[in-house]
Amino acid sequence: MKAVKSERERGSRRRHRDGDVVLPAGVVVKQERLSPEVAPPAHRRPDHSGGSPSPPTSEPARSGHRGNRARGVSRSPPKKKNKASGRRSKSPRSKRNRSPHHSTVKVKQEREDHPRRGREDRQHREPSEQEHRRARNSDRDRHRGHSHQRRTSNERPGSGQGQGRDRDTQNLQAQEEEREFYNARRREHRQRNDVGGGGSESQELVPRPGGNNKEKEVPAKEKPSFELSGALLEDTNTFRGVVIKYSEPPEARIPKKRWRLYPFKNDEVLPVMYIHRQSAYLLGRHRRIADIPIDHPSCSKQHAVFQYRLVEYTRADGTVGRRVKPYIIDLGSGNGTFLNNKRIEPQRYYELKEKDVLKFGFSSREYVLLHESSDTSEIDRKDDEDEEEEEEVSDS
């Protein structure tokens, strides 16, 4: 047995020297199953020590013995090498790596394909971009050619300038005609306003010169009216929910004299009315807003106003002074207001003086205006006579 082992060792040494490496049979079978493809030729790695080291004597003997058995029937898997040993296996990297070699080649091919694809895309894109640029350049050239032709046509003396001048003259003539037409319209409107015929005439249709009159008839616009509508006055001049027709003037004042109204019905004396506490008194049939109610049916709801006003007057020496005087104004009543048995005009102030008599509508009552310093002897006499008549009637 020892002789057989020594012969095998010698054979293995010779094969190592010749460059043929004999691997265990089990390892070769395993590699054939995993990698059916042809592996690249194994490159022999040079030994750092200079010579090819021979495996230990015990291992090749065992491997050779097992190899003889594997040649016959044995298919048992080979023993795994101890990872703790610092020695590396002398098999090339291609045999050590169990993963298929073509996977790495595919990865390299994919990496190499990317720049090729980019170049192809650029080649596909470049012709479209070049065509677009060519189209732009052609458009610019056309535009430049048109502009150059226009400039040359304008610079040329002849038909182009003549047509432009004719158009300008036609436009100027049309503008002048329109101006004349509108000036004539304005003159007509001014004449109508001066005569006083505005309103309905201002809405007449005025035909424009030239062309069909039916298509170009323009209605004249209505002029705005700046008159007072009275809406603001109604909003500000309401009392107890009723709109008052009258508004006091800026010169309204409260008098210093104590004026009074003495009403009489036929010869009967009625209670005295003191009218010096306000600047104005409204007389009418509407008791809700009237300061001095008048119950006669011939009187209006807002019949008249008794107003105090501050007015100027000239003294005896020629100087100008101011004084508060009483006035009466009719508010457009139906049956009118009478001052000393004379009807006064509506919406107009009339100055009142001492002992003036006022009557409203068809009422039989008379109102005599007096103040505190006026002579009331006649009224006192009438009162005494009335008292005597009452006593006589009572005695009889």
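Here the Cβ of each residue, glycine as well, is placed from N, Cα and C on the backbone.
Note that this is a predicted model, so its numbers are computed, not measured.
As annotated by Swiss-Prot, coiled coil applies to 165-196.
Among the features that Swiss-Prot reports, compositional bias 'Basic and acidic residues' is placed at 1-10 (among others).
Summarising the annotation, Swiss-Prot assigns compositional bias 'Basic residues' to 77-105.
Taken from Swiss-Prot, the feature compositional bias 'Basic and acidic residues' applies to 107-142 (among others).
The compositional bias 'Basic and acidic residues' annotation in Swiss-Prot covers 213-225 (among others).
Marked as compositional bias 'Basic and acidic residues' by Swiss-Prot: 373-382 (among others).
Residues or ranges marked as compositional bias 'Acidic residues' in Swiss-Prot: 383-396.
Among the features that Swiss-Prot reports, SUMO cross-link is placed at Lys30.
Swiss-Prot lists Lys30 with the feature SUMO1 cross-link.
The SUMO2 cross-link feature in Swiss-Prot is assigned to Lys30 (among others); the stated evidence is a large-scale study or a structure entry.
Among the features that Swiss-Prot reports, SUMO2 cross-link is placed at Lys108 (among others).
Annotated SUMO2 cross-link per Swiss-Prot: Lys223 (among others), in sequence order. Its Cβ taken as reference, Lys223 (SUMO2 cross-link) is surrounded by 11 other Cβ atoms within 10 Å in the chains shown.
Per-residue pLDDT, averaged along the domain 'FHA' (281-344), amounts to 90 for this model. Look at Swiss-Prot and you will find 281-344 tagged as domain 'FHA'.
The phosphoserine annotation in Swiss-Prot covers Ser35 (among others).
The phosphoserine annotation in Swiss-Prot covers Ser49 (among others).
Sequence annotations record features per position, and here Swiss-Prot assigns phosphoserine to Ser52 (among others).
Assigned with DSSP, the residues of the domain 'FHA' (281-344) fall into helix, strand and coil as follows: 0 helix, 33 strand, 31 coil.
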